[in-house]
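What Swiss-Prot says about this protein:
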type     : residues : note
TRANSMEM : 11-31    : transmembrane segment
TRANSMEM : 46-66    : transmembrane segment
TRANSMEM : 92-112   : transmembrane segment
TRANSMEM : 119-139  : transmembrane segment
TRANSMEM : 157-177  : transmembrane segment
TRANSMEM : 201-221  : transmembrane segment
TRANSMEM : 233-253  : transmembrane segment
TRANSMEM : 282-302  : transmembrane segment
């Protein structure tokens with residue numbers, strides 16, 4: 001098992017890059033025209049640039065921790081040559097360089113969301129997608145070879161995109177549901193419209209996560225369940241599935257009950273109670289998503305094959 005610091009850094013990096021990708025994507029499919037301008041609905045300049053800078057710092061910390069763990073070096077003088085080798089001679093190093101370049105460009109593009117909001121969001125979405133995709137090179141797919149490796153990577157990347165879309169949307173809705181936002185009638189109308197607009201996107205996201213999750217499981221473990229039951233990987237995976245099911249339940253509650261109730265309440269001019277109920281539901285769903293990301297970070301450091309062989 002990896003050390004707690006490595007897991008914590010993986011968790012923070014996964015969360016950061018998913019939020020970055022998902023927020024930019026949300027701005028494109030949910031907001032319209034001038035609503036995309038930074039500060040009109042969401043402060044994209046601060047959110048995107050800040051998240052990109054944080055992602056770069058986390059990537060640097062993760063690289064140092066990974067190199068330290070692999071080399072056993074304890075002093076900087078010993079560690080530096082290993083870092084140079086990691087960056088220049090490994091696929092993980094290449095993916096890290098690509099991620100850092102993408103994040104640097106995102107930080108600049110994020111500053112332009114006031115002048116050219118739509119163009120900037122397109123640029124950030126594309127570049128953050130690249131940055132998010134590089135995380136696949138730190139997962140189980142990196143251990144495969146040939147065509148299996150290609151398809152495992154492809155499945156991982158699509159899975160990351162779908163998860164990022166969901167997490168980013170939850171963060172966006174959490175920001176839109178803040179108390180000072182729901183006091184404004186115009187903001188509440190935008191919230192209701194974006195909730196309705198997310199219904200189709202949310203369905204596609206959940207379906208994609210389910211399909212790619214099953215395919216990933218088959219790549220990593222194979223068509224077996226019994227031998228996995230007594231492993232740490234198996235228990236963590238079960239906890240992840242329980243939480244994911246709870247998230248689907250909350251998303252269904254939002255879609256079929258709470259969102260329509262909010263829209264109906266707006267028509268009657270009294271939407272405070274509906275907004276509060278939706279806020280609590282979204283907060284619970286977001287909390288579950290955070291725990292799921294923590295489990296994903298931990299699962300990525302485990303080898304189920306080794307655990308099953310030791311039984």
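Heads up, the Cβ atoms here are built off N, Cα and C, so glycines get one too.
Taking Cβ pairs closer than 8 Å, the transmembrane segment (233-253) reaches residues 202, 206, 209, 217, 221, 281, 284-285, 288-289, 291-292, 295-296, 298-299, 302-304, 307 in its own chain, all 6 or more past its ends. The largest share of C-beta pairs under 8 angstroms with the transmembrane segment (119-139) comes from 92-112, of the ranges 11-31, 46-66, 92-112, 157-177, 282-302. Packing against the transmembrane segment (11-31) from elsewhere in the chain are residues 41-42, 44, 47-48, 51-52, 54-55, 58-59, 62, 106, 117-118, 121-122, 124-125, 128-129, 131-132, 135, 160-161, 163-172, 190, 194, 197-198, 201, 290, 293-294, 296-298: each is 6 or more residues past its ends and has a CB under 8 Å from a CB in it.
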